[in-house]
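The structure appears below as structure tokens.
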């Protein structure tokens, strides 16, 4: 962040003063400035201390144990070794088993049936992924290949023989990490502060040069040291010495406020950027949805087929309807409990559900219907429900079969569960075309809602059909030694990862705030579309109300884009350039305008999507795109490049990997989308309060520099550099920081986001308000009080004496005048602080409801300013340091009129502005 440091110049020039009291004051200047610089450095160090490096996070993934390895020696001999992971080289053959951390990127040569790996460290997804030896198409992305396993992931089930093909920085994870070492673009806050500093630098230099020229040509003859001192004082008066600590501390306060709303800020300048976000790209699983597979619907026979009975976790008031049908649901519940690969353990009343998310979801739902976990466990343990045979689910059969019964009892029954199109082929319902149509219609209804549907069926195995010796055998529907036909259709399970409570409302809130919410997911397009529709990302009343004609047609065409479509539109080098083909540019411009869902996307797609919004989004006043301000969520290592590419990277606190968190700017403690919307609101409030803080700080610059030029016309000295510092650092900086706790004046989430390219934080309106309006009022009142409340000043001015000709009486009169000027400016700054707390709303209730004084910290600062001002006037040590003197009561009370005048004048301005705005609004309607 840019810093303005005039310590050295101020110190050198101040030391030339030959007046004893001023020399004493000059020691204060470098001390105070040095303290500010040290404090700012400490704050910067403290904020950076919290950061963790990506390499440390990577090293945590490194396997600590040695790996059984086969290596071919230099002479072709076979070497069987146990190597540390760091010593592996491409071509080494490894043996991995369940529980092993994979030490490199490997190609699977052989693996056991049903091998699974946990890729959550890489992808953030908790679903186990199967691995096999089959070759994949050349076009298949590495992260989707089932014959590859990656460094940092874990073998969950089975074992494998594999060959190392990449190590270290060449691994999939290593390449991602290398991309994170590129320098990050400047944040919007850094750009805004740089812009502000450039303005202040120009103003300060111009004022300093004008003062230098004026001092040289002035009829009052001065030494070179005096000329430089006056010019430096004029320049120095325009420098907001407390800018850096004000911004840093204000953002730290905002960071604490956001933490209370489950948004952990890692890079504090992201707070202001979050308030400027115009596009929010959100992952689906775990952010918009619960991240847990849940049975939402049960379809059970009722005559031929029943209506759907909902078990939605966000709509549990339907439980009464469900449990009123217990008798009808008993059969599907029993089948769901028995034909299930998940395990249920109850230890001291604590339930533990172990298994794949889908199986656990079915077991939990079936347990609820049957009376709870304990009842379900008891059902499994009944002798007549003993599992005597099983064909596990596999990708070829797409079903799971279990046979149950008490051995040697002669009574057995089979349960079949799997893909509806496979299971229904074994059911007698096929004989009834009307029943088939009803089942298929219900199946289509569930699938259109994004459900994953499993069908379950049951049949009794007659005594004549029981294999000899009760030895059931088989692996598919064609080689079993007992009949797989004549099953009775039991029902359908509609399963999904349901939306989190409050997400749909939060999406509408974001849209009303002018933020485009986009779902970016690796899930199936139909599932993504269904969830997006339910949570208002697609087809919300807000979107429809803001689109007409061609826009609606374009919105329908581009509403959902898949990864396959993106493969043909991804730019060369995965980066957009000015030489991009025209048809690709046109396609992306439509996509970023209309698309609300990107499905089946890869991590590289996510980064390209972010770049597209940054390149072609947000149409400016001239009709040309200037780029959106993008926030992106992610939880896996492979999301890290997209997180870093976005202006605001948002990592998941509960499911996110360390690398993802390190690449992010903020972390969601609860992985919840509404928390991000709260963060956007807090970011906007912080930005607004920071702007008000700057407005307040700049107000005093005009009355601070005016005395320097006034001396050219024979005015007695009205303000010293030390007094300027006492105002700027002794009071203004703390009052400016207190703005961070100011509540919102208006509804922040009902207006469009501020784009930093078009609406600078420090713009012409801010400068006119501070320099041309409040600053001028303060200067006017300061001069009035200087001459009116200080009886000796007028006589001193009339005498035409230069400071070198002052008598002791003249010094006393000038000191009193300076003290009155200083005291009036203190009161003027309090008035400015009160006025700048609102831009339109009346503080006092003039012409409308009163905003009042809700910020107790700011109110406390007002008291502090008065106390410090009085102390500087009446305490001997402070008088010596700041060249002030005791004032009579008259000179203390009269300047209060300046405070009242500024507040009342600004209240009138706000009243006129509100009425003008109301008139414009009515005319627009």
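Cβ atoms here come from the backbone N, Cα and C positions, even for glycine.
As the structure is a computational prediction, the values presented were derived from the model and not from experiment.
According to TrEMBL, the feature transmembrane segment maps to 27-46, 196-217, 721-741, 820-837, 858-875, 887-905. What TrEMBL lists as domain 'P-type ATPase A' is 83-179. Positions annotated as region 'Disordered' by TrEMBL: 121-140. Positions annotated as domain 'Cation-transporting P-type ATPase C-terminal' by TrEMBL: 716-912.
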Contact ranking winner - 196-217, 820-837, 858-875, 887-905 against the transmembrane segment (721-741), Cβ under 8 Å
858-875
Here the mean pLDDT of the domain 'Cation-transporting P-type ATPase C-terminal' (716-912) is 89
Under 8 angstroms, Cβ to Cβ: which one of 196-217, 820-837, 858-875 has the largest number of such pairs with the transmembrane segment (887-905)?
820-837
Residues outside the transmembrane segment (858-875) whose C-beta sits under 8 Å from one of its C-beta atoms, at least 6 past its ends, are 723, 726, 730-731, 734-735, 738-739, 741-742, 819, 822-823, 826-827, 829-830, 833-834, 837, 882, 884-887, 892
